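Participant: As annotated by TrEMBL, active site, 4-aspartylphosphate intermediate applies to ASP403. Under the heading ATP binding site, TrEMBL lists ASP403, LYS404, THR405, GLU719, PHE760, LYS782, ARG816. The Mg(2+) binding site annotation in TrEMBL covers ASP403, THR405. The annotation compositional bias 'Polar residues' is assigned in TrEMBL to 1-10, 461-498, 575-585. Marked as compositional bias 'Basic and acidic residues' by TrEMBL: 11-23. As annotated by TrEMBL, compositional bias 'Low complexity' applies to 499-529, 630-641. The domain 'P-type ATPase N-terminal' feature in TrEMBL is assigned to 21-86. The annotation region 'Disordered' is assigned in TrEMBL to 1-23, 456-529, 546-569, 575-594, 630-652. As annotated by TrEMBL, transmembrane segment applies to 61-78, 278-307, 327-355.
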Amino acid sequence: MANMGKNNKTAADKQQNERRIRANDREYNTQFKYANNYIKTSKYSILTFLPLNLLEQFQRLANFYFLCLLILQLIPAISSLTPVTTAIPLIGVLMLTAIKDAYDDFQRHMSDSQVNNRGSKTLRHGKLVDERWSGVQVGDIIRMDNDQFVAADILLLSSSEPNGLCFIETAELDGETNLKCKQCLVETAVMGDQEDLLWKFNGEIVCEPPNNLLNKFEGTLAWKNQRYPLDNDKILLRGCIIRNTQWCYGVVIFAGKDTKLMQNSGKTKFKRTTIDRLLNFIIIGIVFFLLSICGFCTIASAIWEAIVGYKFQIYLPWENIIPKDYLQGATIIGCLVFFSYAIVLNTVVPISLYVSVEVIRFAQSFLINWDEKMYYEKTKTHAKARTTTLNEELGQIQYIFSDKTGTLTQNIMTFNKCSIAGRAYGDVIDLRTGEAVELSEPTTYDQKNTSLLINAEEPSGRSTPQSGSAPAVSYATNTGASAGSNTTLKAASSTSNDYQLQLPQQTHQPYQPQPPQQSVSSTFNNSHLSSSSSVTLAAAAAAAATTTTNTTKKHHPSLHVRFSPHDNSHETRTVTTAMSRSPSVTPTTTTTSHYFTTTANNKGNYNGNNNNKNNPKDSTTLLLLDNTTTTSTTTTLSTTTEPPSGSNAQGVHVTEPVDFSFNPEYEPEFRWYDQGLLDAVRSDEEHAHSFFRLLALCHTVMPEEKNGRLEYQAQSPDEAALVSAARNFGFVFKSRAPNSITIDVMGRTEEYELLSILDFNNVRKRMSVILRRNNSILLYCKGADNVIYDRLGTNQQDLKTRTQEHLNKFAGEGLRTLVLAERRLTKEFFDSWLLRQREAALSIDGTREDKLGAIYDEIECDMQLIGVTAIEDKLQDGVPQTIA
């Protein structure tokens, strides 16, 4: 008997540390009494509703106070009021709250019923049968189709995708909308959707017990005399949605309350709002006030009875329980009077307050459900108040604990800059000054009906801007104009950042010609701001990109804008533009300056002729002067001006975007402005090739063909941006198999044998791949700068210093950086390392991650620094204002 008890205890301890499952064997799995797939999130049942709900309600101090008051009123010696006066309001409050709580819990019951009755397809005796979710058990093999929820935590066995891949969406679990890729074992993927083979599958799974860690799983699969390591990449969790995968099969590992989703949900608790806590605090104050009044009345009554009342017993006789001694009798009467006054003054505590709060909450829940401003058009989903007790907590935010990527940022990653072998690439150069500038707007434009707007701040006082300051220039669509028409000025709103020209109230002063420059200058004289007649200057900077004059010299024009405030002091700001297509131009060759006078009215029409000579005060003068010669041109500005590829939204004349059209796999939306990097790649510069090879090989991205176009599915937008950059520079990631990766390098196919993937996690802060090609074994690694720098080999100090300078510069610009490194391995070292790695991967004692980390450290060392990537992820609109 003792041995039997000891064996049972050992089995129980073992079950707490691990879980054993045999596929397609319910009889074997039943002995462990694993949870079924039925879930319950409701709080009450018919039998438990009344006692549990009353217990929760009497945790409110006001309810508890009135319950105590009701008990006191049942004592005739101290109560002068009937208990009904307190019982009816209290019962009314309790009933109203109970009805509301019952409604909320009924909604939970309905949701549970809907989930438990969802349909699934379970394998039974070699055939698929329909099964409710609640009927699924541990060890069952089920089929899941595209766009379906996963019924339980499942080990993926096979799928319709090549190489056993399966794409899932985990928004219900972690809020992330990007697709994640799972991949089954190669040995089980061959079963496909052959139901007879799947029914014969009898693999035994040993794994960790149920827990709430969404990103961690350790286990092994024993099948056909072999053991295979299982990790989180092979597990589909309950609550996921199958995406872009026609079908997949898996064996249930955790069901119902044991699933990671339910382990994170926890037990439904009675939640208190800030108002509830505030009301309790107020009630405590009111009760203390009431007690102080009752105490004062008690003392006063005792004194009166001892001095006066004792002598009037013939008229007001004392009760029989009161001692005849006047001091003792007065004391007893005073104590009884205390409770009597508490009953008489009970209305000091407002029982109707809770009734009002509950009614308001109940009504607000319906208003939330009907609110059109919280309607999501894409999915046609209304807001839904799942509980009526927490409405007032919405928007009551004191602290924000948030991750950055995708929450505070747009989660749209772009390859912005890089550093290779100590040389930085990616700066956008202003051709006027030779200095680097930042592009604050996208450089993709509508190809028609695009106008150029000058944006500037109003000159303040008499101050003169610093040299180089300029009004911002942006492109805006002008749907009201056509090519060849006169320039139209659109009225600017009060919230617009566009600089608004005020019609001058006095005649302009003569223009003072500037010394010859490589620019076209335009001067607005004696103009100032007015709310009565303001217009937005459109297409003003596009006037002289290419003019037909007696001079054939080509140049990039700059536009000098001179503002004359009230005191006629001159303030000049310069903005440069480059136009790839000239507006219509009427040339006039002369040795003197020509004024191009335009009129503007309150409707915003801007005409290219001076037909308002009788009213010079209502005109604005624009001079376009070719400073390379003494030739000036009178022009008619056209509203339809296509922005150049080399001009950004700030109006700065920058280098042209690099032309990647030589690459048949390039992405037209990709923008890069540093020709030097492409030149290094096309000249077979070794470091540049190593840089982009690493980007094309070291990742977990999956390629797929859609409508004849190669597209990438990435778990991380960072990886997608890096693989996309490599693709545009001629290093195209083509395909992935369980044991190989194929890329296309400048038109030549290269296939690498994939020997091992050293996964990224938050502790390691890096990932690596080990590849073999032509008997050469390479390790490619990318990760955080502090982690990679500690693992670099010697004799790289100069390179590390220069690269660190670039890292600091990129980080200062708010870019996300990764450091790239590589190492060449010998076959003997790798083979011995691989044996230790496989042994550590089969561990299921909870130390697998630590063991693998130590093994990875052995090989991720003495690496050679390649370079740094810098990715831009812009903040969401309104984030700075929200945080401020």
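Residue positions begin at 1 at the first shown residue.
Including glycine, each Cβ sits where the backbone N, Cα and C put it.
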Participant: Looking only at Cβ atoms, how many others are within 10 Å of the one on GLU719 (ATP binding site)?
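Facilitator: I get 22 for this one.
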Participant: Using DSSP and collapsing to three states, where does LYS404 (ATP binding site) fall: helix, strand or coil?
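Facilitator: Coil, per DSSP.
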Participant: Of all the binding-site residues given, LYS404, LYS782, ARG816, which residue's CB has the most CB neighbours within 10 A?
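Facilitator: The largest 10 Å Cβ neighbour count belongs to LYS782.
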Participant: Could you pull out which residues elsewhere in the chain have a CB under 8 Å from any CB of the transmembrane segment (327-355), counting only those six or more residues past its ends?
Facilitator: 60, 62-63, 65-66, 69, 72-73, 75, 77-81, 86, 89-90, 92-93, 96-97, 279, 283, 286-287, 289-291, 293-295, 297-299, 301-303, 305-306, 309-310, 318, 321
Participant: Tally every other Cβ atom lying within 10 Å of the Cβ atom of PHE760 (ATP binding site).
Facilitator: 18
Participant: Count up the helix, strand and coil residues in the domain 'P-type ATPase N-terminal' (21-86) according to DSSP, in that order.
Facilitator: 30 helix, 2 strand, 34 coil
